[in-house]
Every structure is written in structure tokens, then in C-alpha cells.
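First comes the structure, then the notes that go with it.
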Amino acid sequence: MKILGIESSCDDTSVALIEASENNFVVLAEKTASQIDIHKKYGGVVPEIAGREHAIAIMPVIEEVLSLGYTRDAMQKKPFDFPRLRSGQVAHGKPDAIAVTAGPGLITGLVIGVEAAKNLSYLWEVPLIRVNHMDGHVHSVLLKNQINKSGANIKIENQSIEFPALCLLVSGGHTELLLATDHGVYEKLGATRDDAAGECFDKVAKLLGLEYPGGPKISALAKKGNANTISFPRPMIKENNLDFSFAGLKTAALYWLRDNELSALDVNPDLPAGIFGVQHNNPTRADFCTSFEQAIVDVIVEKTSRAAEKYQPTTIIFGGGVSANEKMRATLRAELQKILPNSKFLIPEKKYSMDNGAMIAVAGYFQAQKNNFTSWRDIVVDPNWEAYISG
Ligand code: KG4
Ligand code: ZN
């Protein structure tokens, strides 16, 4: 079945058309309008601006995906005279269902995506699926980059989620450990009590003068530093629970920068010591980033390992924007391999670790299999919708 996935919970207006069957998800077309360049002036996402930008982008992005998707799909030979696009073009076909993120996220963005999905569901008489954003991140591991540079589909091995599945979801808004017993059915094992790990990356990056979103910038710098230079706290690592806390780590980073000086070697590593205030012994900005990243990695790996030991999952999933972090991917993979050598460890392709419409379509497919459709009359957004509480 063809599913149109719509995602607008944060700063990406992202839409994808997928062809879904059991354990096989082909992305026919996808498009993301990113707002990063707009928000980075403010150092973070401004909800009012996000809402406005989603409203501008949503229909053109949907139109582009539909026309692209049906041109590419060789199976769709008979053009419908429907739906007619604003641009005057006719999209050759309509999806079998529309999946849309209804929460959690920024209400200003969620309402735009849901409103567009509602309208299309009514106009096209196509069923609507209400998807939880975090359920989308879990299912992002089933997506593979199946379209090559020339636009042709490439065949790749299918992946599946076996249950019980331990899901570690780490993003700008969430850090949580969930146990899935079926698609979309979760038990909460632990979560952050304050800041999310991605938020901590972004806020500390801001202290270093790095642009939003700072997570990727910190992790790039961290590749060049020494993790033992600064001893940052590992909050809650010893506590006998599966919760996290990152606000204290952010404050520790702030105080370190207030009380210490970074080496000027970042500016020019060839400068001889002593001139222009160059202190060879001070940690470099890269050392700072590596030490900071290591603190987050240690806490997340420790708590996830404990959950893996306790619940013995068949599959372990690491999703959310922070799953793009290579250090965290590699350390988790190595540690979990030691604890559960026979379990699958699934991480999304980097492209699908960030927010995207395709993952919403895949999560929607499994809801459709359970006949979990919502009428356009009844669909509501819930900015605080927790994945483990069914909507
Ligand atoms: O899931 P996502 O795209 O949006 C939310 O739902 O929040 O996650 C975005 C978050 C941002 O905080 C960003 O800094 C972080 O993911 N992130 C990273 C990396 N790439 C993205 N954090 C650390 N290392 C990375 N390589
Ligand atoms: Zn996300």
C-alpha cells in the first residue's frame, strides 16, 4: 500500500510517499523543507516562526512529493484525474492512506501538518492515521536509502523488528528507554528528568559559540580531542533506575568555561607557545567537546546496557536525532554485543535519524495493519503525547 507520511513537529516540514508491504518499505519520493537557517539566528527553534514556516512549506512539499512519487512509480500506469494540485499539475494517483505526526512536539507545527492531512483525507476520501513522533523514530530503522543518485530504486536487504524490542530514543526533546512488545505498544522504562541529551548538546554548543543545532558540530570537533582532559560529571550513572538527567552536565560545562580558559591552539595549532596568549597545556575546544561527549555517551551506554541485561530484548533500537552520533553508535553497538550477542542492534541510516516524513509513514503502516485509523473529524494534536500511552 502507498502511504503519504507528513511530519511537522519541530523545524522540518518533511513529507514522503512510501510503498509499504510486510518488512519492505520503498521510499518513492521524499522532500524536507528545513528551517534550520531561519532558527539558527535565534540559537534554537522559535515556535511561532516554526508554525509560520510550516504553513508556507506544507502544500508545496506535499505537491512535489506526490508528483515525483507517482512519476517514479512504474506500477502506477493509469493516471487519475485526481488529486489536482494547486500548481495546475495533476498528480498521477493518490495514496492509500495518510499518516501524520500528531505529537509530541511543538503545537504550532503539529497543527499545520494535521490540518493539511485532515483536508487531504476528506478531499481524497483516503483514511487517516494518527502517528506518534517517537513511534516514527523507532520505525526509522526499517528505512533504507533505496533510491540511487539517478533516481532508480535499488534493491536492498529487508530488516524487521522482533519483539520484545528495547528502544533508546534520544533527540532534541526526548531521552527515553521504552520496551516495545508490538509495533506501537510501549512500556516506559526510564526517561530524562530534565533536559534531553540533544538539548544538552545544543545548549553547550551555544556556550562554545557554535551554531544551532550544535550536536553535529560538537561531535565533529570531538573526533579530534582527548576525552580524558576534562572530568565532567556522569549524572545519575550509579543510580539504580533507568532515568537520566542532563541539566547538571550542562551547568558543569558552563562553570568550566567560566572558570577555565581553552587553549588558543584551535585558532592556529602552529603558533609557538607563549605568544598571543597561546597555552599549550590548556584543553583545546576539541578536548572540551570530546570530554563532554564522552560523559553523555557513558551515561546513555550504561543505562541502556542495564536495561538490556534486565529485559533481554530480541531487538535493540537506537533512534532519534542523536542516533547520528558516531561515538554513541559505535560504543553502544560494542557494549550491547557483549551483553546480548544474539540480539539485533538496529540504527537508522543517518539520513533517517533526523525528523522525516518517511518514518512517520512506516509507523503509520503498522497502525494501518491494526486498523487504527482516525477520522478527519476526530483527529487531535497532542504536544505532550507519550509513545507509551496509546492515543
Ligand atoms: O529527532 P530530531 O531530528 O528532532 C527532535 O525531535 O528533537 O533530533 C535533533 C537533535 C538536535 O538536538 C541535534 O543537535 C541532535 O539531534 N543531533 C546530534 C547529532 N546529530 C543531531 N547530537 C549529537 N551528535 C550528533 N551527531
Ligand atoms: Zn525527532
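Cβ atoms are placed via backbone N, Cα and C, with glycine included.
Predicted automatically and left uncurated, TrEMBL annotations should be read as such.
Asn325 is the residue from Asn282, Asn325, Asn342, Asn356 that TrEMBL records in the substrate site together with Leu169, Val170, Ser171, Gly172, Gly173, Asp202, Gly215. Of the residues Asp355, Asp378, TrEMBL puts just one in the Fe cation site with His133, His137: Asp355. Cα of Asp355 (Fe cation binding site) to Cα of Gly215 (substrate binding site): a span of 14 Å. Cβ neighbour count for Asn325 (substrate binding site) (all protein chains, 10 Å cutoff from its Cβ): 26. Close contacts with ligand 2, defined as a Cβ under 6 Å from any of its atoms, occur at none of the binding-site residues Leu169, Gly172, Gly173, Asp202, Gly215. According to its DSSP assignment, Gly172 (substrate binding site) is coil. Sparsest Cβ environment among the binding-site residues Gly172, Gly173, Gly215 (other Cβ atoms counted within 10 Å): Gly173. Across the fold, the C-alpha of Gly172 (substrate binding site) and the C-alpha of His137 (Fe cation binding site) stand 12 Å from each other.
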